[in-house]
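> Structure provided below as structure tokens; questions to follow.
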Amino acid sequence: MTIQQAIQHAITQLRTISPTARLDAELLLAHILGWSRAKVVAERDHVLTPEQEMAFNALIERRANREPVAYLIGHREFFGLDLFVDRRVLIPRPETELLVELTLKEAQRFNHTPLIIADIGTGSGAIAIALAMHLPHALIYGVDISPDALAVAAINVTRYRLDDRIRLLEGDLCTPLPAPVDILVSNPPYTILTEIDEGVYRHEPHLALDGGSDGLDCYRRLIAAAPTYLKPNGAILLEIGSTQAASVVHLLRQALPMAETGIERDLAGHDRIVWARNRYVIH
């Protein structure tokens, strides 16, 4: 069987469960062959060995059962990084890159070093690592309540040789932080489990997804802690579900009445990030 035949066969199996059936198939075959996806696309007439064909078919069967591609191949690209992921962590999403972009922009306000940032619910470490790679003078805390998630984050932190600038802390939301920080950033659980995609529900960790009956449980607790864990001129940036902006802004204004607040939209035009910048300064 040639690569072209294998891909076409896989597409027929995946098209009913994945809108990116061709991409999925090409990524999975690239993983089997140890090639780049570009080489798979270019070498359409290459003949697979029986062993390669069998391994590919096994992965396609798992993908047809809605297992995410990132778990099948063991990594995910995020903000130009190649991150190790498995079922212990939520798979980093493209829309979360906006959270990184806005945090990098916010960091430009601060001219002291080290800039101290806390990534609450760090998971795979994606946000913390992306920030550290672009902010060489920052100290970043990656906090997670899940020791399993922190084990994955540690692999990625070490891969990018950031052990000296990213400190991983186990605990609930802000409680492990040793002192107030300049920037709090978080992509907290904000989904209602009964409303999420079947494949996500079956395979990704519920601890990283479940936002409670209205999706706002973590926001309430995290934002309530912000006055304690933010420095007087600090900022908080939060990823949100597309219908949650007004509720989260309300929580921020209650907790930080002196703060400026704002909402940013993603490329699809959906509300995606809510932020607050604390204007209260101690003289």
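Glycine residues also receive a Cβ, built from the backbone N, Cα and C atoms like all the rest.
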> Since Swiss-Prot lists Gly121, Thr122, Gly123, Ser124, Gly125, Asn187 for S-adenosyl-L-methionine, which candidate among Asp144, Asp164, Asp172 does it give for that site as well?
Asp144
> Let me check the 10 A CB neighbour count of Tyr190 (substrate binding site). How many other CB atoms are there?
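Within a 10 Å radius of the Cβ of Tyr190 (substrate binding site) lie 24 other Cβ atoms.
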> Could you give the Cα-Cα distance between Tyr190 (substrate binding site) and Ser124 (S-adenosyl-L-methionine binding site), in whole Å?
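Between the alpha carbons of Tyr190 (substrate binding site) and Ser124 (S-adenosyl-L-methionine binding site) there are 17 Å.
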> To which of the binding-site residues Gly121, Gly123, Gly125, Pro189 does the lowest count of other Cβ atoms within 10 Å belong?
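Looking at the binding-site residues Gly121, Gly123, Gly125, Pro189, the Cβ with the fewest others within 10 Å is that of Pro189.
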> In the three-state scheme derived from DSSP, which category covers Gly125 (S-adenosyl-L-methionine binding site)?
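Note: Gly125 (S-adenosyl-L-methionine binding site) is coil by DSSP, not helix or strand.
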